[in-house]
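Noted in TrEMBL for the protein shown:
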DOMAIN    1-181  domain 'KARI N-terminal Rossmann'
BINDING   Tyr25, Gly26, Ser27, Gln28, Arg48, Ser52, Gly133  NADP(+) binding site
ACT_SITE  His107  active site
DOMAIN    182-327  domain 'KARI C-terminal knotted'
BINDING   Asp190, Glu194  Mg(2+) 1 binding site
BINDING   Asp190, Glu226, Glu230  Mg(2+) 2 binding site
BINDING   Ser251  substrate binding site
Amino acid sequence: MTTVLYNHQIEDQALKAEKIAIIGYGSQGHAHALNLKESGFDVVVGLRKGKSWDKAEKDGVDVTTVPEAVKQAKVVMVLLPDEYQPKIYEEQIAPHLEAGDALAFAHGFNIHFSQIQPPDNVDVFLVAPKGPGHLVRRTYEDGAGVPALFGIYQDATGKATETALAYAKGVGAGRAGILETSFQEETETDLFGEQAVLCGGVTSLIKAGFETLTEAGYQPEVAYFECMHEMKLIVDLLYEGGLEGMRYSISDTAQWGDFVSGPRVVDADTKARMKDILSDIQTGRFAHGWILENQANRPQFNAINTRENQHEIEVVGRKLRELMPFVKKPVNTK
Ligand SMILES: NC(=O)C1=CN([C@@H]2O[C@H](COP(=O)(O)OP(=O)(O)OC[C@H]3O[C@@H](n4cnc5c(N)ncnc54)[C@H](OP(=O)(O)O)[C@@H]3O)[C@@H](O)[C@H]2O)C=CC1
Ligand SMILES: CC[C@](O)(C(C)=O)C(=O)O
């Protein structure tokens, strides 16, 4: 059985005596910086001037430029978008790393696919929360946490594991469970999960359900409530009690439909396509496409994003959510 670690098993005094630089203050960056600070760690945020800089200042954290933050810190956590990390690393981080420092990531993409090649004399580890950054922050504030994986790529000081675990505890993961992984396992499973299940899988399932109903002449509002709004309520039950817990709350009619119709939606062919997706990730084919897409200034990403935001489910959803003031405002509009 894999060992799952919790707060009481983790020593964090050594890391509390050092400075931690959080590079980036977006979804993960703001959560790591604020949670670590409130857990008693010494944090500085490294940024360029702009939206995130203003937000970090408003939140009361120390902010400076990326090179200055790296110079001040012993541990440098890179929470920039994956696609910009190699260039910023080369120009603003690498020149200021010293022997015995630690370079850290929340996702293994750039190390695993060799886009960043750190020097031998620094520790390299990852602490990857298994949840969106805004919920890493929200759960921490609620006294809970999001589980995290940690992995060591390079242990130059002999203390990389101790540092990574103390860091994971500081962001609140030790309340939920910390598991050891490798950069390869984290990168491949994370990419697979977000493509096939959590993001790509779920959004495609929701849209296909919505389109099936509206194309059959049902009202878009009814289709929205059925296929999008109720998804959160069902997923909450899955989060709390697994499949059995969710099935306890639904009707027996729904449960019978789940048993006989679910496997008609996700069948052996779907699983075969999931295996193709995993294979593209393992061989580097997906990474290659994403790196090239960014080098071309994202023509496909931008076109698809515009089209997705105009989908009828989005138009009707915006209207209906306005009528439900208790629904939390999306984090991008706060
Ligand atoms: N989103 C998530 O929940 C998860 C993300 N991760 C990983 O965490 C890392 C960060 O992702 P995420 O939090 O989504 O990133 P975001 O896009 O939310 O935030 C990126 C941050 O980087 C800053 N930034 C961008 N370019 C520069 C630059 N040239 N110089 C200085 N700062 C810059 C942005 O500031 P500005 O306002 O100036 O643009 C922003 O603060 C990635 O490795 C990702 O894979 C891992 C698990 C989950
Ligand atoms: C599911 C998407 C994710 O992997 C995450 C929030 O964990 C990401 O990279 O944003």
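Numbering starts at 1 and runs along the chain as displayed.
From the backbone N, Cα and C atoms, a Cβ is placed for every residue, glycine too.
Curation does not apply to TrEMBL; its annotations are automatic.
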Residue pair Arg48 (NADP(+) binding site), Ser251 (substrate binding site) - Cα distance, angstrom, rounded: 53
Secondary structure content of the domain 'KARI C-terminal knotted' (182-327), with strand meaning DSSP E or B: 124 helix, 0 strand, 22 coil
Mapped DSSP class for Ser27 (NADP(+) binding site), helix or strand or coil: helix
Long-range Cβ environment of Asp190 (Mg(2+) 1 binding site), under 8 Å and at least 6 residues apart: His107, Gly108, Ala128
For the domain 'KARI N-terminal Rossmann' (1-181), the mean pLDDT of the predicted model: 98
Cα-nearest neighbour of Glu194 (Mg(2+) 1 binding site) within the listed binding-site residues, Gly26, Gly133, Glu230: Gly133
Cβ atoms near Ser251 (substrate binding site) (within 10 Å, other residues, all chains): 9
Pairwise C-alpha maximum, in angstrom, for the residues (Tyr25, Gly26, Ser27, Gln28, Arg48, Ser52, Gly133) that bind NADP(+) according to the record: 20
DSSP three-state assignment for His107 (active site): coil
Length of the line joining the Cα atoms of Tyr25 (NADP(+) binding site) and Glu230 (Mg(2+) 2 binding site), in Å: 32
Spatially closest candidate among Gly26, Ser27, Gln28, Ser52, Ser251, the listed binding-site residues, to Glu230 (Mg(2+) 2 binding site) (Cα to Cα): Ser251
Residues satisfying Cβ distance under 8 Å from Gly133 (NADP(+) binding site), sequence separation of at least 6: Gly26, Ser27, Gln28, Gly29, His30, Ala31, His32
